[in-house]
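In what follows, a structure is listed as structure tokens, so that the remarks can point back to it.
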Amino acid sequence: MALQIPSLLLSAAVVVLMVLSSPGTEGGDSERHFVFQFKGECYFTNGTQRIRSVDRYIYNREEYLRFDSDVGEYRAVTELGRPDAEYYNKQYLEQTRAELDTVCRHNYEGVETHTSLRRLEQPNVVISLSRTEALNHHNTLVCSVTDFYPAKIKVRWFRNGQEETVGVSSTQLISNGDWTFQVLVMLEMTPRRGEVYTCHVEHPSLKSPITVEWRAQSESARSKMLSGIGGCVLGVIFLGLGLFIRHRSQKGPRGPPPAGLLQ
């Protein structure tokens, strides 16, 4: 699929070439330089769900005319662009409005299969506590959301099923340098026994949100839990060792072959 460019750009370029090649530009003025630039910009939200087109006309590094699809018409940026704005609005307005589809949408659909536009990377979500846990003392929970693409993401905090909006702060979106992003969303809180905090993450790569829970508990409860886990691990190790020894003992010692086989 061939990429499209705004047709009005070709007309403007022809006009500039005609001006620069006219007899008045030769002779004593030949050392002067005139630079005309055109910038066609397409902005996309959620794929092609919302598209914005902006055309910028620049003469000698100064923008003098602009078309913004959100405005719907040409607007002069400087006095130099006023005659062109009036003329283009009369002659080319409908054509330029249509380029939202004929240029922006067309080019998006043509290149998305060959670029990262369709890339989706699911985020990894981890909750951590900024300081050693102590019940009934002020603390901060940190929800680390990493390695996701595209950049659009929504992270919320819940306490016992109710969304928390007070005490929530976030870092700026951080680029990892490999087209993926990360962000930290903090919640200032005072943990109390039995409370459940949830980091809720929504992202285009997910069919359903990711939810990660953190439960407030005392140091003694944490120690008992860790002791229980350690005991279970040791139990599994000793059980496996016992089964291995039993299996070896059931085989019995290997003796010499029957005498008849040696003859």
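Just so it is clear, glycine is given a Cβ too, placed from its N, Cα and C backbone atoms.
Positions annotated as signal peptide by Swiss-Prot: 1-27. If you look up Swiss-Prot, you'll see 28-120 marked as region 'Beta-1'. Taken from Swiss-Prot, the feature disulfide bond applies to C42-C104, C143-C199, supported by sequence analysis. Under the heading N-linked glycosylation site, Swiss-Prot lists N46. Positions annotated as region 'Beta-2' by Swiss-Prot: 121-214. Annotation comment: Swiss-Prot describes 123-211 as domain 'Ig-like C1-type'.
Summary for the disulfide-bonded residues C42, C143: the Cβ-based neighbour count within 10 Å is maximal at C143.
Closest by Cα distance to C104 (disulfide bond), from the recorded positions N46, C143, C199, is N46.
Taking Cβ-Cβ distances under 8 Å and a sequence gap of 6 or more within the same chain, the neighbours of N46 (N-linked glycosylation site) are K152, P204. Taking the C-alpha positions, the distance from C199 (disulfide bond) to C42 (disulfide bond) comes to 34 Å. Confidence annotation: the domain 'Ig-like C1-type' (123-211) carries a mean pLDDT of 93 in the model. In the three-state DSSP scheme, the residue listed as 'N-linked glycosylation site' is classed as coil. Rounded to a whole value, the Cα-Cα separation of C143 (disulfide bond) and C42 (disulfide bond) is 34 Å. Taken residue by residue with DSSP, C199 (disulfide bond) is part of a strand.
DSSP labels the residues of the region 'Beta-2' (121-214) in these numbers: 0 helix, 53 strand, 41 coil.
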